[in-house]
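Peer 1: Got a structure here, written out as structure tokens. Questions coming.
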There are 2 protein chains.
Amino acid sequence: MSARVLIVDDLFPNVKLLETKLALEYFDVVAAMNGPDALAICEKGLCDIVLLDVMMPGMDGFEVCRRIKNNPLTTHLPVVIVTALDQPSDRLKGLDAGADDFLTKPIDDTALFSRVRSLVRLKAMTDELRSRAIASRDIGLGDPLAAAAAEGGLGGKVLIVESRRSAAERMAASLGAHHTVTIEPDPQRALLLAPEGGYDVVLVSLDIEGGDGLRLCSQIRSLQRTRSVAIIMIAEDHDRDRVVRGLEFGVHDYLMRPVDRNELVARVRTQLRRKRYAEALRGAVQASMELAVTDGLTGLHNRRYLDTHLGALFTDAAARQRPLAALILDIDRFKAINDTFGHEAGDEVLRAFADRLRLHTRGIDVVARYGGEEVVIVLPEADLADAQSIAERIRERVEEAPFMLRDEGRTIAVTVSIGVAALMPDDTVPGDILKRADLALYRAKHSGRNRVELQAA
Amino acid sequence: MSARVLIVDDLFPNVKLLETKLALEYFDVVAAMNGPDALAICEKGLCDIVLLDVMMPGMDGFEVCRRIKNNPLTTHLPVVIVTALDQPSDRLKGLDAGADDFLTKPIDDTALFSRVRSLVRLKAMTDELRSRAIASRDIGLGDPLAAAAAEGGLGGKVLIVESRRSAAERMAASLGAHHTVTIEPDPQRALLLAPEGGYDVVLVSLDIEGGDGLRLCSQIRSLQRTRSVAIIMIAEDHDRDRVVRGLEFGVHDYLMRPVDRNELVARVRTQLRRKRYAEALRGAVQASMELAVTDGLTGLHNRRYLDTHLGALFTDAAARQRPLAALILDIDRFKAINDTFGHEAGDEVLRAFADRLRLHTRGIDVVARYGGEEVVIVLPEADLADAQSIAERIRERVEEAPFMLRDEGRTIAVTVSIGVAALMPDDTVPGDILKRADLALYRAKHSGRNRVELQAA
């Protein structure tokens, strides 16, 4: 992936050296000589990945990293700390600040470039999702970015695939405080287990007995059901070529043996955050789309949903010669409720009415607010007699217990009139059923309300 | 990227040979010995890319390719035809069937693998988008996949970056019948032109004078504004290494010199289709989300949108000490319209009323259906006097011309009552303005309707 790499270093020769190398690899390079400039470039969306020096005057690299990762506008940017610091405590400090990797100078160029490519590719896959989530925010449907960025990376389900029992148990002990951990020593069984277990992160020992650890990684990555699982390779120092290979085909991260327990904890947390970030964005886009078919007041489906699904159910029932019925429900004297108790009380009655309907309908029924105080219920596989008994039950359940107004602590007696109709052989459009139900409702209203009336024979 | 590769070949040894090679590259392999089996595997979503033999008994590879590309469920799958056929006419037949590439045996493994990797990576970037579009369809918001797959790949904007004038003009002549073509001989100017021109496809000569063609490709691919532009490299035979390099960093396709004009036309069309496919999915997801804040009947914004945006406008106006006003409009005696002319006439009046409101409000105003026949208009930067004159103008425009019912050819005289309120220093929540506007509306109704009333001083 071609990408814009931001180099952050206060020493000009360092910037130049790295810039030249990256340009030869066909990356675009942007540079910043201090933390605040770097943060501004990130916020403006002018880079895809950050290579970050630690020791800078003013704001140091750890702080820059922390700010990038805690800002909803920039948290999706991968950060690789590139530094002369070589103490495990420095390394841990970087990873704890949220860095995706920590490389010590002198840098192995192959390792650096393969890392940058892998991180940029992984980012590219959620970029589209992030754009949709931003669009959802701009429309005014909440701020999914802020919620997604707040993820702490704890409480995940981790699978350790490792045949060496003691190594597996050490890792499990380190991770056990924060996550639910399962150990699987056999790679074949691990491949079966991975899609079943709902794991967030899978750690795979590359030198596992009984199979090829790297192939297991590639299989987990290819399987539809495990595609979004984060994978971390555990490798020996002599296995660096296979690590690079794994990064190329989409493995998310790796740890070299002997595994440092703090580093293990930090890397698992980073992967969990990244995975949940994508899930949160996905959920936000999904929720936005579902709002389009949801009535804001009652949470029932809306008329848009009814129109689409009644059409589909009608076509299906007609083609398969199966029964289909519909009810139109209208709360009796609803205007009087609004006039007497106010609009807010009216809204509360509507919400409580919707709750009772949910209790007395099946999962396959479509329950949609049709307008004002009218609700339509479409009943697949129900004939006129079935629909009549369902309507009668709903009518009774509404009548038998008055509706409680929470704020005022008072109750309102509510009744409902219901028109019932079922699919008939001559029906040509879905609206035909609704028209007959509407006429039946009209008769229910005019014969005294709180009644169920059926379509004319 | 790890991925599931479907090999389609009727000869078992061919399948085995390719399978072994791909497995060594850490791909997962699925195989089919004939066309119908291959189509079934694709439809079930069990592969990410198809390597397709041509000469098979029954359905040949061209037909399999055509069916994959014409089926909305499978059109997103890249197809590489791998065959012993070596005539330009075969090649063209494959590309015309929609194949992403056509490789002649004996296969150069490096070329094959780099091609497969590149196509799989490009697919991975739209997979997420496709999943969201499928979710939108499943909710019942239309079928974007069918619409997206119907794209013909004609009428695009193509930029040819080529310093050799005769070569550029030959390509332009070939493409001119189907697309709008621009030639730019200078790579520096091309980089400036690319984001401005709204191009769909950019053809880049790798041996262009005055710069590095491959670097231009990488820059176009990195720039935010040109990231989704399709790029095709034009290369000499000795430049295959750089072609592989380009595919690795995200270039979409390439043509070797001498450029075959039919192949050029076919490859540009394939890229245009792919790009527009992604755009169609993106547009569908966006449209689904926008429906969530749109009133289905009038096309005005809905109450959900009003609630979010009134809050933001209120906070902003209060913080910056700027004016803000709101109108509540209620069509007079709307129930009588419904009762006299029927619900459909009432709906038509509401739609026509909304149209007039759109004509007499500004782009920055929020116009939202509040419920039944009530509309709220929020006016940023407007004080009480401004709001009064806008309200008065709307009232007049509604009264002065009766509403035409299209179906019946008759007209209905409609009037509207409007309550007006503006932000006051003591307001603490956005609802405060609406409450005063509602009280003013109440007075307008009770002093004879067809009136504008202001909040009490």
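A Cβ is built for glycine as well, from the same backbone N, Cα and C atoms used for every other residue.
Per TrEMBL, the features are:
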type	residues	note
DOMAIN	A:4-120	domain 'Response regulatory'
DOMAIN	A:157-272	domain 'Response regulatory'
DOMAIN	A:322-457	domain 'GGDEF'
MOD_RES	A:Asp53	4-aspartylphosphate
Peer 1: Could you give me the DSSP helix, strand and coil counts for the domain 'Response regulatory' (A:4-120)?
Peer 2: 53 helix, 23 strand, 41 coil
Peer 1: I'd like the Cβ neighbour count for the residue listed as '4-aspartylphosphate', meaning other Cβ atoms within 10 Å of its Cβ, all protein chains included.
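Peer 2: If we count other Cβ atoms within 10 Å of the residue listed as '4-aspartylphosphate', we arrive at 26.
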Peer 1: If you run through the domain 'GGDEF' (A:322-457) with DSSP, how many residues end up as helix, strand and coil?
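Peer 2: So the domain 'GGDEF' (A:322-457) is made up of 58 helix, 37 strand, 41 coil.
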Peer 1: What average pLDDT does the predicted model assign to the domain 'GGDEF' (A:322-457)?
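Peer 2: Looking only at the domain 'GGDEF' (A:322-457), pLDDT averages out to 92.
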Peer 1: In the domain 'Response regulatory' (A:157-272), how many residues does DSSP put in helix, strand and coil?
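Peer 2: Split by secondary structure, the domain 'Response regulatory' (A:157-272) comes out as 59 helix, 25 strand, 32 coil.
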